[in-house]
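S.K.: Pasting in a structure now, in structure tokens, and then I'll have a few things to ask.
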Amino acid sequence: MHDEEKKEPKWVTAVSIAGRIAGMGLAVAAAVLMSTASQCTVYYAAPAASAYGGAARARTVTYSDFPPFVFLVGAASIAAFLEAIAIFLVVWKKGKDKTTKVLMPLLGVAVPALLYSATGAAFAAVSDMSYCSANGKRVSICAGSAAAGGGVSGGTNFCSQVHIAVYLSLAAAVAVSVAEVVRGLGGSASGGGSDSDSSSSSESGGCDHGCHHKH
């Protein structure tokens, strides 16, 4: 009976598993979407007064041109794999064996850390996606370069795809964090109830024992 009382409520387990599944799915989606943001051809129209006479010069842009995006793909992929392990331990191992008790806290820290760090780095890179053109001007991929006096086209799809991937990574981090918080609160609540119940039963047992001796 004492072991049964220590089990976390079913709704806690259900919410935790749902959060982990959602986090894993979002992490996979973020990695896939970011990794397919490639071979985007951006056309930069140089100013007519420049040496290039207003000619549109093509530049192929891919996510691998930006290290933070590469980091996000790797981190999201690893996080999804680790979450799959966590789901296996919770669903099939029931969290009972020693290996599960050791791994679950580590996974609970590692997965959000990976996702949050990768998302933060990607957000910083998204705010300044640009490259240096042949005439030495810094060209923004998502918007025209006012300083150069020219314009950029062809980067809309790339920018949209990158932005969505970053937000998916953030959503995955939040989902995993919520699952961990719910699991932690549920476990502490069930543990506290078990201690109080055992304490009260112990006290009542002592009282009954004393009364029995009086007779």
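Heads up, residue numbers simply count up from 1 along the chain you see.
Using N, Cα and C of the backbone, Cβ positions are placed for all residues, glycine too.
As annotated in Swiss-Prot:
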- 195-205: compositional bias 'Low complexity' (COMPBIAS)
- 187-215: region 'Disordered' (REGION)
- 1-13: topological domain 'Cytoplasmic' (TOPO_DOM)
- 35-68: topological domain 'Extracellular' (TOPO_DOM)
- 90-105: topological domain 'Cytoplasmic' (TOPO_DOM)
- 127-161: topological domain 'Extracellular' (TOPO_DOM)
- 183-215: topological domain 'Cytoplasmic' (TOPO_DOM)
- 14-34: transmembrane segment (TRANSMEM)
- 69-89: transmembrane segment (TRANSMEM)
- 106-126: transmembrane segment (TRANSMEM)
- 162-182: transmembrane segment (TRANSMEM)
S.K.: Other than its close neighbours in sequence, what residues sit by the transmembrane segment (106-126), given a CB gap under 8 Å and a spacing of at least six beyond its ends?
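M.R.: Here the qualifying positions are 23, 27, 34, 66-69, 71-72, 74-76, 78-79, 82-83, 85-86, 89, 162-163, 165-166, 169-170, 172-173, 176-177, 180, 183.
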S.K.: Would you mind listing the long-range same-chain contacts of the transmembrane segment (162-182), meaning Cβ under 8 Å and 6+ residues beyond its ends?
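M.R.: Sequence-distant neighbours of the transmembrane segment (162-182): 12, 15-20, 22-27, 29-31, 33-34, 37, 63, 69, 72, 75-76, 79, 83, 108, 111-112, 115-116, 118-119, 122-123, 126, 129.
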S.K.: Which sequence-distant residues neighbour the transmembrane segment (69-89)? Criterion: at least 6 residues beyond either end, Cβ under 8 Å.
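M.R.: Residues 17, 20-21, 23-24, 27-28, 30-31, 34-35, 37, 63, 95, 99-100, 103-104, 107-108, 110-111, 114-115, 117-119, 121-122, 125, 162, 165-166, 169, 172, 176 contact the transmembrane segment (69-89) from elsewhere in the chain.
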S.K.: Give me the mean pLDDT over the topological domain 'Cytoplasmic' (183-215), rounded to a whole number.
M.R.: 54
